[in-house]
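The structure appears right after this line, and notes come after that.
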Amino acid sequence: MFSKTILSSALLALPFSILALPAPASPALFRRDAGPVLEQDSVNASLPNVTIYATGGTIASKGETSGQTVGYSVGLGVKDLVDAVPEILNISNIYGLQVANVGSQEVDYNILLALAHNITKDLAKEETTGVVVTHGTDNLEETAFFLDLVINSTKPVVVVGSMRPATALSADGPLNLYQAVTLAASEKAKNRGAMIVLNDRIGAAFYATKNSANSLDTFYATEQGQLGFFINQVPYFYYTPAAVPGKPHFSVGANTSLPQVDIIYTHEDNNPALVKASIESGSKGIVFAGSGAGSVDDAMLAVAEKQFNSTHTPMVVSHRTVDGFVPVEDVQDYMIPSGFLNPQKARVLLQLAVNAGYSNEKVREVFDALHP
Ligand code: ASP
């Protein structure tokens with residue numbers, strides 16, 4: 001069943017070598033330049049070509065019993081994922097690259113850059129129709145948002161996960177993967193930026209967020225809505241492609257690392273010392289997850305202002321509520337409101353802006369442009 005599937009390793013860039021390799025021990029081992037090897041003579045020329053970039057997560061996890069839906073561990077490789085859905089080989093030639101095999105809480109800039117570098121090269125090839133990234137759902141929205149900002153292609157980039165491990169009754173991974181590949185191979189999916197597929201829904205990576213820690217129907221953007229839906233495994237879009245206003249593009253092609261940017265979650269009885277601690281430990285930018293529309297208490301603001309005046313570290317204020325907007329009127333002059341972006345997405349944007357060497361004024365312009 002797997003004869004049409006070509007696998008290559010991010011470690012060795014050799015076809016089929018991944019079948020024998022254990023999961024890499026450390027992200028530092030990844031070769032960022034090892035793209036998929038396309039072997040056109042062994043594929044069905046009438047089918048589209050989709051590459052699956054596997055990173056781990058629940059979709060690649062096994063439990064002890066079919067009833068177990070928590071406490072499982074990551075252990076399936078990209079070939080296992082495809083083997084579980086042989087039907088996808090009828091709709092696309094599939095190429096596989098094991099970029100990592102971790103819970104998404106372990107995803108770091110090594111993995112993000114490995115994805116960005118390989119996907120950029122892959123999509124530049126005429127024969128590549130689209131790509132799928134399999135990912136743990138916990139931090140999936142951060143990787144999807146990152147890819148949305150750094151991949152410059154009209155071709156589909158689809159990020160997919162599952163809420164139940166592969167061994168569970170009614171595991172959702174196989175159908176989610178089938179739909180993700182369908183979408184990545186679809187003409188209709190072009191020019192829509194990075195997308196998230198779970199539970200029949202197609203969401204915009206820019207806006208969709210994980211809303212429930214446990215239920216299958218977890219990815220959506222309450223205010224901005226979904227892009228589309230699957231019916232009988234056919235993707236339907238509600239609208240023709242639309243653009244996020246002012247969505248920036250960042251190049252990370254030359255990067256081997258990304259700057260540290262921290263989030264400080266505010267609450268009653270805040271600890272103001274966290275601001276200084278963050279900067280002293282190397283942070284080049286701070287996002288405050290403010291309460292309501294970006295409230296931060298006076299004691300923390302006093303430390304933040306002092307730190308800003310001495311270090312000019314850019315400071316963005318977001319909202320710890322799931323939805324909402326931080327307006328400029330609600331933040332100090334030296335701080336930048338995140339607008340609609342939640343703290344985890346604001347952190348990725350600030351990290352990319354700092355990485356690009358932007359001045360604080362230019363960072364402000366980037367955030368402001370998203371809500372003209
Ligand atoms: N802990 C898992 C992860 O994010 C959860 C999931 O994939 O649903 O890797």
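For all residues, glycine too, the Cβ spot is worked out from N, Cα and C.
In TrEMBL, annotation is done automatically, which means it is predicted and not curated.
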Q: Given that TrEMBL annotates T137, D138 as binding substrate, state which candidate in S92, S104, S186 belongs to that site as well.
A: S104
Q) Hey, for the substrate site built from S104, T137, D138, who else sits with CB inside 8 A of the CB center? A) G57, T58, G103, Q105, H135, G136, N139, L140, G161, K210
Q: Report the DSSP secondary-structure composition of the domain 'Asparaginase/glutaminase C-terminal' (260-367) as helix, strand and coil residue counts.
A: 46 helix, 20 strand, 42 coil
Q | Distance from T58 (active site, O-isoaspartyl threonine intermediate) back to S104 (substrate binding site), taken between C-alpha atoms, in Å | A | 9
Q. Between T137 (substrate binding site) and T58 (active site, O-isoaspartyl threonine intermediate), what is the CA-CA distance rounded to a whole number of Å?
A. 7
(Q) Just to confirm: which same-chain residues, 6+ apart in sequence, have a Cβ under 8 Å from the Cβ of T58 (active site, O-isoaspartyl threonine intermediate)? (A) Y72, G136, T137, G161, S162, M163, R164, P165, G173
